[in-house]
Amino acid sequence: MVQHVAWVITLIAMGAVALSFLWVAARAGEFAEYPGIVERAYRLRKVLFVVLLVVSGGVSVLTLGELPYATASYGTPHEGTFRPAQVVEAVGSRWQWELSPGQIVAGRPVQFRVTSTDVTHGFGIYDDAMHLLAQTQAMPGYTNVLTYTFQRPGTYHLLCLEYCGVAHHGMMGEFTVTSH
Amino acid sequence: MIIQSNLVPTRGARQAVAAYLVVFGAVLLLMMVLGLLMRLNQGGLVTLPAEFFYQSMTVHGTGMVGVAGVGGAAVLWYFLGRHVRLTTWVFVLNLLTFVVGAGMIMAADFIGGFAAAWTFLFPLPAKAGGQWEPWAAAVHLGGLLLIGTGFLLFHLDTVRAILGRYGSLTRALGWPSLFGSDPEPPPPTVVASTMVAIANTLGLVFGASVLVISLVNLMVPQFAIDAMVAKNMIYFFGHVFINATIYMAVIAVYELLPEYTGRPWKPNRPFLAAWTMSTILVLAAYPHHLLMDFGMPRWLLILGQILSYVSGLPILVVTAFGALMIVYRSGLRWDLPAGLLFIGVFGWAAGVIPAIIDATIIVNSVMHNTLWVPGHFHSYLLLGQVGMLLGFASWLGRAAGARMPSRFGIAAFWIFVAGGIGLTQSFLYSGHASVPRRFAEYLPEWIGQARIGALSAALVILGTTMLMARLVAGSGPAGGAR
């Protein structure tokens, strides 16, 4: 969903930039006195500046409220009750992932405690359709806590999202999320 | 008040610029071929051993960043030389260190097997897992250090020359006009060169420091650095350096579009404010590369998002808008250099959009290290920075007498643009589809996208080769423009 929104916004905005450039390029051969153009353009620039500032400020306010960084809490409110998170130790080492415990239940937040024993890896969780759901870095000497709630039972995949050596692309794992 | 004057470059200086562009063109094409090979391999159209793929990836990433710096330095030096007295031998020394360093990197990677990507994230160089010998890591990192040292000397020479003329860096950034009432601000080229010198000197010092630490770690494994600290240093250096290459290249736009249109690019208050802002923002926005490092201080990551948003404003509102304003109904007669410069500004402005979106933390959670990332940086580097550099080279070549049938130039231009747009859009599409970057082997569902990318990359190479052939066919003294 997030990817789709990002893609659509990008296409629209890049398209708007492209049309602006094409429009100006098409009229470059005409001639008009520059002072008049500058006067109008500076007014437009002020508007553009304010619009971009408001949009970026608004997006920041909207998006910075839901950060993926875990809190110290081991549970999250869920349907009116406080449901404890499942804690899963996730360790990356060339070229495999180890999850402990391996049983994960849907509908309850999972707190992945992610680290690495050798070099930096990227802990990327994919669904069965190979859509990226969440990620964090797996770095030696650090334990990054990633909290995610699986809505549906099924098979999920782990891909390494930080280049780690010759078999980086093969550093994949799999786990099952059950309904109970 | 500072009196503007145009200094005339010596024959040696013009030849040095020409040498830079020759190296730029040769290395650029070689790196493009490596990029094409990687996309062909991902598309299942050729089969490369994984070792060779990752060696190529390391050379491609490192080489492209380096050659973007070489091209940018040529532009900066050529135009800054109109305003201050630069030292030709320092400029030449930078090219020599680049050539030697690039040779070391290619030997270390293709012969020694080193393949730790351009990022050489600690402790990967020392933990080869049997993939390369310590000497290969040392030669690669040593080559990078040599290249960085050359660029540091280059920037220090520009600082020396700017101080000799303007007295202080704040004066060269136009602060007396921005915050006071000085009616004679420095020209845009001086402002941009000063910003680049400040930012890149800091970036290079951090880069050199982490390189030295990594080199010592190779010899004395007990001498280690915290992986997160090293990553901060590496991305600070990489972020600043690659952005500086664009800020150097855009000088060609500031200098040449006014020449084409007869309209001045005035360093007014918004312009000076934008460049002062960019000086700070380019240094401060680098944490957006570490948004998935949850061990980073949270406030720094939040700041990374906010500053990344703000850093796009000067580009879009001042430079891109300024270029549109100066071209609009100017009576401009389009030719190849003007078209390439214009497409360069477009690539920069358009590429900023997916980059800013990726700097949004909740988006980065599902986009980081997918092909979305090469999608945006190929937009502002390939279409943007390389577009500007090819425009500059074409302008020099045209002035030196390069002539080819206009249809050839037009075809070359559109092939380059079509390939560039196809390549960047295929990356962005794949990124939105969650395809990871830096994978030698693809799942079946990703192969089709890689093939479109490979076709686009082939078009980019064809267009670039045609543009360069056009230049070589009429090659002459680089400074014929004067």
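Here the Cβ of each residue, glycine as well, is placed from N, Cα and C on the backbone.
Residues or ranges marked as domain 'Cytochrome oxidase subunit I profile' by TrEMBL: B:1-482.
According to TrEMBL, the feature transmembrane segment maps to B:17-38 (among others).
According to TrEMBL, the feature transmembrane segment maps to B:58-80 (among others).
Per TrEMBL, transmembrane segment is recorded for B:92-115 (among others).
What TrEMBL lists as transmembrane segment is B:135-156 (among others).
Per TrEMBL, transmembrane segment is recorded for B:202-224 (among others).
Residues or ranges marked as transmembrane segment in TrEMBL: B:236-257 (among others).
The feature transmembrane segment is assigned by TrEMBL to B:269-286 (among others). Here the transmembrane segment (B:269-286) has long-range neighbours at 173-175, 177-178, 185, 188, 191-192, 195, 198-199, 202-203, 232, 235-236, 239-240, 243-244, 247, 303-304, 307-308, 310-311, 313-315, 317-319, 322, 359, meaning same-chain residues at least 6 beyond its ends whose C-beta is under 8 angstroms from one of its own.
Residues or ranges marked as transmembrane segment in TrEMBL: B:306-328 (among others).
Here TrEMBL flags B:340-357 (among others) as transmembrane segment.
What TrEMBL lists as transmembrane segment is B:377-396 (among others).
Per TrEMBL, transmembrane segment is recorded for B:408-430 (among others). Long-range contacts of the transmembrane segment (B:408-430) within the same chain, counting only residues at least 6 positions beyond its ends with a Cβ under 8 Å from a Cβ of the stretch, are 335-336, 339-340, 343, 347, 351, 354, 370-372, 374-376, 378-379, 382-383, 387, 390, 446, 449-450, 452-453, 455-464, 466-467, 470.
The transmembrane segment annotation in TrEMBL covers B:450-473 (among others).
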Ranked first among B:58-80, B:92-115, B:202-224, B:340-357, B:450-473 for CB pairs under 8 angstroms with the transmembrane segment (B:306-328): B:340-357
Contact between the transmembrane segment (B:92-115) and the transmembrane segment (B:17-38) (at least 3 Cβ pairs under 8 Å, separation 6+): yes
Candidates B:17-38, B:58-80, B:202-224, B:236-257, B:340-357; stretch with most C-beta pairs under 8 Å toward the transmembrane segment (B:450-473): B:17-38
Top partner of the transmembrane segment (B:17-38) among B:58-80, B:202-224, B:236-257, B:340-357 - counted as Cβ pairs under 8 Å: B:58-80
Contacting positions for the transmembrane segment (B:236-257) when only residues 6+ beyond its ends and CB under 8 Å are counted: 65, 68-69, 71-73, 75-76, 79-80, 118-119, 151, 188-189, 192-193, 195-196, 199-200, 202-204, 206-207, 210, 263, 265, 278, 282-283, 285-286, 289, 319, 323, 326-327, 337-338, 341-342, 344-345, 348, 377, 380-381, 384-385, 388-389, 391-392, 395
